[in-house]
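Undergrad: The structure follows.
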Ligand code: AMP
């Protein structure tokens, strides 16, 4: 596996890697890698002949400096895991390389980025859209993989590709979960053992609400019950818990496929997000 740190080493390494006719799949990450990230690498290997990853904790997408400062960094272990997963190249840019003095461009996506994470983390999706566009333009992969765990992020990135025509196929990968159902996340490592065991209330509440709505139950009360379950189950705040159109991320008062339940809530000072698809059960005789 080639490890690239200097910007001027990237182009020749990529040229050599792609050779003639190879496809290249990119997996952008912020490091602190877990099995969810590695599932993206495995999927990348399945769709393309070459696989590259990036590790970059992007300061532009952190609206809270404390969150940036305590973001877990485990570079040595990350490199070992990427190599073992069969990654061909990893690029670790620095903030100064991606955002040199005078950097002034911002990619801002209207509509799909405005609610939910966009509302609770002002500037977050501008940072995501800007860095992802930069990484895609620098690496020029044929495919790029992103997790459905960050459902709104995936929708924003699909919008960027559709609008700017960078020429990359954007692929989403289903959320990888721990044995108890908690979505894998680099932030889980920040939870105390006690809060970690309680955090499973998040997927549990989403599944309970999804089942209720799928069976024809009223949306509002199902969402309220799920929020109450989070607050009584150890979460201190619920930023949002909503039923949304899967593509536009607009809230739904009545179920309409394709739809998802999305949520963000904090436990022990750690903010977690999750989402699940919801499907309507076939109602016989209606
Ligand atoms: P991050 O390092 O958190 O920015 O994540 C890098 C990529 O991995 C993003 O596309 C995430 O959506 C994806 N990812 C993170 N956690 C998971 C998970 N549990 N399952 C699947 N993909 C994930």
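Backbone N, Cα and C define each Cβ position, glycine as well.
Just so you know, TrEMBL annotations are computer predictions that nobody has curated.
In case it's useful when we look at the structure, here is the feature table from TrEMBL:
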type     : residues                     : note
BINDING  : 30-37, 147-150, 176, 184-187 : ATP binding site
ACT_SITE : 37                           : active site, proton donor
BINDING  : 61                           : beta-alanine binding site
BINDING  : 61, 153                      : (R)-pantoate binding site
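For the listed features, I'd like the structural context: burial, neighbours, distances.
TA: The secondary structure of residue 176 (ATP binding site), as reduced to three states from DSSP, is coil rather than helix or strand. Other C-beta atoms found within 10 angstroms of the C-beta of residue 176 (ATP binding site) number 18, with every protein chain shown included.
Cβ neighbour count for residue 37 (active site, proton donor) (all protein chains, 10 Å cutoff from its Cβ): 27.
Proximity of residue 61 (beta-alanine binding site) to non-local residues of its own chain (separation of 6 or more, Cβ distance below 8 Å) is seen for 123, 124, 125, 126, 127, 128, 131, given in sequence order.
Taken residue by residue with DSSP, residue 153 ((R)-pantoate binding site) is part of a helix. Counting only same-chain residues six or more apart in sequence, the Cβ atoms lying under 8 angstroms from the Cβ of residue 153 ((R)-pantoate binding site) belong to 117, 125, 128, 146.
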Undergrad: Sorry to bug you, but what's the C-alpha spacing from residue 37 (active site, proton donor) to residue 30 (ATP binding site), rounded to the closest Å?
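TA: It is 10 Å, counting Cα to Cα.
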Undergrad: So which of the binding-site residues 33, 36, 61, 176 sit close to ligand 1, that is, with a CB under 6 Å from an atom of it?
TA: 36, 176
Undergrad: Using other CB atoms within 10 angstroms as the count, which residue among the binding-site residues 33, 36 scores least?
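TA: Selected from the binding-site residues 33, 36 on minimum Cβ neighbours within 10 Å: 36.
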Undergrad: Enumerate same-chain residues with a sequence separation of six or more from residue 186 (ATP binding site) and a Cβ-Cβ distance below 8 A; give 'none' if the list is empty.
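TA: Once residues fewer than 6 apart are set aside, residue 186 (ATP binding site) is near 30, 31, 32, 33, 34, 71, 72.
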